[in-house]
Amino acid sequence: MSTQRLRNEDYRDYSSTDVSPEESPSEGLNNFSSSGSYQRFGESNGTTWFQTLIHLLKSNIGTGLLGLPLAVRNAGILMGPLSLLVIGLVAVHCMGILVKCAHHFCHRLNKPFVDYGDTVMYGLEASPISWLRNNARWGRHTVDFFLIVTQLGFCCVYFVFLADNFKQVIEAANGTTTNCHNNETVILMPTMDSRLYMLAFLPFLVLLVFVRNLRALSIFSLLANITMVVSLVMIYQFIVQDIPDPSLLPLVASWQTYPLFFGTAVFAFEGIGMVLPLENKMKDPRKFSFILYGGMAIITVLYISLGSLGYLQFGAKIQGSITLNLPNCWLYQSVKLLYSIGIFFTYALQFYVPAEIIIPFFVARVPEHWKLVVDLSMRTMLVCLTCVLAILIPRLDLVISLVGSVSSSALALIIPPLLEIATYHSEGMSPVTIVKDALISLLGFVGFVVGTYVTLYELIQPSSTPVFVNSTSAFV
């Protein structure tokens, strides 16, 4: 599978949650030198450190953030926040490993930039194992595969999120009031199944992904960013008020639900694919390490605070997205709609990455007059695929956990430590570093296997844990 278009002048790697294509593509390379100590090159028209920080922050704020309160419930009010902190530290460390290895190969091969897939390929070529060296190109294909699975998984999550939130708003329309403080159960007006809501969104999302130009998508990205920021502020404003007594909440939950926590947490922290592109488009890439660690510190605090406060506020009644627990007053119904609008437009940005990997493979094999037809047909088929998968797995929490366990754990935890060993083994590595990398990869692999197994088991044989329907809503 050719990935050349992933590295041409029209494409920049948006392989994480919500990073937007607002700046122009790279038009030149400055400050690159292959002699002396290596320094990352910059762009004369690149982003400032503040713009890069904003991109980093918004690329990690999506549906995974809203699912963290339920993740904390699956781990416990003490174990959940501590585990989020540990996973955050490990994920950020793996991002740093990827940047370091990319710098190493840029210097060694006299290249201005390498992406995630190329870095893994060059790492395998430097491996002491001849079989890995001879099949190094499969390293790039493996990264591309997991990027496709991750991004299409995000799109599946978006289908379920949109269906659940719109279904709840419509069903509670008869009970929506201006009173946001009366926490009594609303009488919902039954409507159609959530799967039918997914089908209702299908034609609109197909039309959205027909927009193939990243510049044209930038206005949608801006709208999504505004709606999400406003929604998050309103969510925080609600969950910090009148927090119930937390003494009844378990400090440590059952080990059987912890793998579900792991999948959701890794799903939220899987931002490693956008690290190298963000650094590459900076005016002064020497500041990127500070931005990476500072920005991810802010994101980790945001994740821990929302996950903990959301669970403290709603307790065992927390749902797959915290928006589903908000009161059915017009103020918080608007939050659900605003965030849903942001997620709707973000779908096109997430879809861009797998589309640019898969579609050129088929378009290159047809005559010129059929290229547009094949392109649009493949886009339609991929959107339909994500819709069908969402219909088959209509539970938001399980979709998030499954995507996180299967693909996000590979990209964020398993591959980077092994890449460091392959890259630097021949140049000498301390035993402590090798053991550290092996443990991180083992952690990711165990999470991958156990998390996938538990999620699939829960899908096949759902537990008896009740699913609550907006029990904090305003009384009719």
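Placed from the backbone N, Cα and C atoms, the Cβ positions cover glycine too.
Since this is a predicted model, take the numbers as computed values, not measurements.
Feature annotation from TrEMBL assigns compositional bias 'Basic and acidic residues' to 1-15. For 1-32, the entry in TrEMBL reads region 'Disordered'. The domain 'Amino acid transporter transmembrane' feature in TrEMBL is assigned to 46-455. The feature transmembrane segment is assigned by TrEMBL to 75-99, 143-161, 194-211, 218-239, 259-278, 290-312, 337-364, 376-393, 399-419, 439-460.
Proximity of distant same-chain residues to the transmembrane segment (376-393), defined by a Cβ-Cβ separation under 8 Å and at least 6 residues beyond the stretch ends, is recorded for 152, 155-157, 159-160, 163, 195, 198-199, 201-202, 205-206, 209-210, 351, 354-355, 358-359, 362-363, 399, 402, 459. Sequence-distant contacts of the transmembrane segment (259-278) (same chain, six or more residues past either end, CB-CB distance under 8 Å): 12-17, 19, 47, 52, 55-56, 59-60, 64-65, 67-68, 70-72, 74-75, 80, 83-84, 87-88, 91, 94-95, 98-99, 102, 113-116, 119, 147, 150, 253, 288, 292, 303, 353, 397-398, 400-405, 407-409, 411-413, 416, 447, 450-455, 458. Looking at which of 75-99, 194-211, 218-239, 290-312, 337-364 has the most CB pairs under 8 Å to the transmembrane segment (439-460), the answer is the stretch 75-99. Highlighted: of the candidate stretches 75-99, 218-239, 337-364, 337-364 has the greatest count of Cβ pairs under 8 Å to the transmembrane segment (194-211). Same-chain residues lying 6+ beyond the ends of the transmembrane segment (399-419) with a Cβ under 8 Å from its Cβ atoms: 63-64, 67, 90-91, 94-95, 97-98, 101, 116, 119-120, 123, 142-143, 146-147, 149-150, 153-154, 156-157, 160, 259-260, 262-273, 320, 390, 393, 436-438, 440-441, 443-445, 447-448, 450-452, 455-456, 459. Residues 49, 52-53, 56-57, 60-61, 65-66, 68-73, 77, 80-81, 84-85, 88-89, 91-92, 95-96, 99, 235-236, 239-240, 243-244, 246, 249, 268-269, 275, 318, 322, 325 of the same chain sit 6 or more residues outside the transmembrane segment (290-312) yet have a Cβ under 8 Å from a Cβ within it. Long-range neighbours of the transmembrane segment (75-99) within the same chain, counting only residues 6 or more positions beyond its ends whose Cβ lies under 8 Å from a Cβ of the stretch, are 68, 116, 119, 246, 249-253, 257-258, 261-262, 265-266, 269-272, 275-276, 279, 288-289, 292-293, 296, 299-300, 303-304, 307-308, 311-312, 412-413, 416-417, 419-420, 437, 440, 443.
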